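Here the structure comes first, spelled out in structure tokens, and everything after it is commentary.
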Amino acid sequence: MTETRGARATEAFFGRRKGKPLRERQAAHLEHLLPLLKLDLEEPAPADLTALFPEPVERIRLEIGFGGGEHLIHRAAEDPATGFIGVEPFVNSMAKLLGQIEAKAIRNIRLYDDDATQVLDWLPAASVDQIDLLYPDPWPKRKHWKRRFVSQINLDRFARILKPGGLFCFASDIDSYINWTLIHCREHAAFEWTAERAADWLTPFAGWPSTRYEAKARREGRSSAYLAFRRA
């Protein structure tokens, strides 16, 4: 499948940027805490991404579109030896996560609050151990499918920054997006689907915390799929 990379101005995969008004403390977190944790893409990325973190880390994990932040906070708290980079353009979600980072004194998270493709293009080659794309916007209407984050162009980006043997993990409750991701990844030479049996993609990833998106899917009668692809 051949796709032409769009101009940066059109390369947006998210909808609204802000929802309900922020509380005073949330606004303060955005003003004072986010600048301390935000990646500076005006500067070259360090060759070794562990240098981005104040404490020693051994691995780097990128989560694109962390939403409510439940998964990112859970993973960062349970695995201090991993440095996490979280990307989320939605202001309210970022403000919520910053509050959790402060409350739990998390020190192994760095953040970016705009288009994830900017981060993907900034990161060095073969620098990331795992990429998580969990319950992304499915853009259900066919005319909007080109906005889905999973594309051959973005898989090229993933392939560039993942270390050999690194993982791309995807979760969704939308059948059309699950199939879309399987097709795109199986058409991409750099990725191998790790599943050997149905249980492998019907069972949540190891250490998986339940998220509000997953709970909403269950309430509405939808099951989720958990797909893992290894960088060849």
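Yeah, the Cβs are placed from backbone N, Cα and C, and that goes for glycine too.
Pulled from Swiss-Prot, these are the features on record:
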ACT_SITE  ASP137  active site
BINDING   GLU63, GLU88, ASP115, ASP137  S-adenosyl-L-methionine binding site
BINDING   LYS141, ASP173, THR211, ARG212, TYR213, GLU214  substrate binding site
For the binding-site residues GLU63, ASP173, GLU214, the largest set of other C-beta atoms within 10 Å encircles the C-beta of GLU63
Rounded to the nearest angstrom, how far is the Cα of ASP137 (active site) from the Cα of ARG212 (substrate binding site)?
14
Here the binding-site residues are LYS141, ARG212; which one has the lowest number of other Cβ atoms no more than 10 Å from its Cβ?
LYS141
Three-state secondary structure, ASP173 (substrate binding site) (per DSSP):
coil
What is the interatomic distance between the Cα atoms of TYR213 (substrate binding site) and ASP137 (active site), given in whole Å?
11
I need the CA-to-CA distance for LYS141 (substrate binding site) versus GLU88 (S-adenosyl-L-methionine binding site), whole Å please.
23
